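**Q** Could you have a look at this structure, given as structure tokens, before my questions?
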Amino acid sequence: MPTPLSSPRLSRSSLLMASLLALLGVVTLSAFGPLVSAEKAVQRDAVDDEVRVYFCTSCGYRQNFEQVKNFLEDKYPHLVDRVYGANYDADPLKLMIGYAQLAAMALMIFGETLFRAMGWDDTLLQKALNNRIACFAVILFMGSLSQSMVSTGAFEIFYNGELVFSKLQLGRWPALEELTQLLEARGIDSIY
């Protein structure tokens, strides 16, 4: 049985040539690989850059977000369509007060029919319905309480997942010059 080295199709010289070419490929790749990967890393960073702004929509901060977005896209062209804005979510427990208000309103309107259909005791509901004005006052108070608890006043700016500016922590708005300095300190300008 012929061995691979004694095979007529695969001579020792062609095996030696293939080994030298493979070694040359490994040497070339190891010598020039870091330059290519560093260049790709810079390109990848420029493509992956993003700014996310989480703001309080119930406070009417959308216009402030649009101003920051336009400023950043003008100053850093690679961020065009890469500045995202979203609502800063309030604590779920605070949101529950709003849901409780809706449920109480539904009970005041549809409660009798619902309780009869389900066969539940409606004694407590009847007491509430006998005092409708007081119940509606409590329900309206729940609405304003819910609104004030959900209004966080947040305007949080993140660059590539890292917090750059927090209105909640500092208690003030960012100046556009300050925002530029904060972003450049995190390397946004080093790409160009």
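First residue shown is number 1, and so on along the chain.
Glycine too: its Cβ is placed from the backbone N, Cα and C atoms.
Below are the features listed in TrEMBL for this protein:
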- 1-38: signal peptide (SIGNAL)
- 96-115: transmembrane segment (TRANSMEM)
- 136-159: transmembrane segment (TRANSMEM)
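Locate each feature and note its surroundings.
**A** Through the fold, the transmembrane segment (96-115) approaches residues 121-122, 125, 128-129, 132, 135-136, 138-139, 142-143, 145-147, 149-150 of its own chain, all at least 6 residues removed from its boundaries and within a Cβ separation under 8 Å.
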**Q** Sequence-remote contacts (6 or more beyond its ends) of the transmembrane segment (136-159), Cβ cut-off under 8 Å?
**A** 49-56, 58-59, 61, 64-65, 68, 88, 90-91, 94-95, 97-98, 100-101, 104-105, 108, 165-168, 173-174, 179, 183, 186, 188
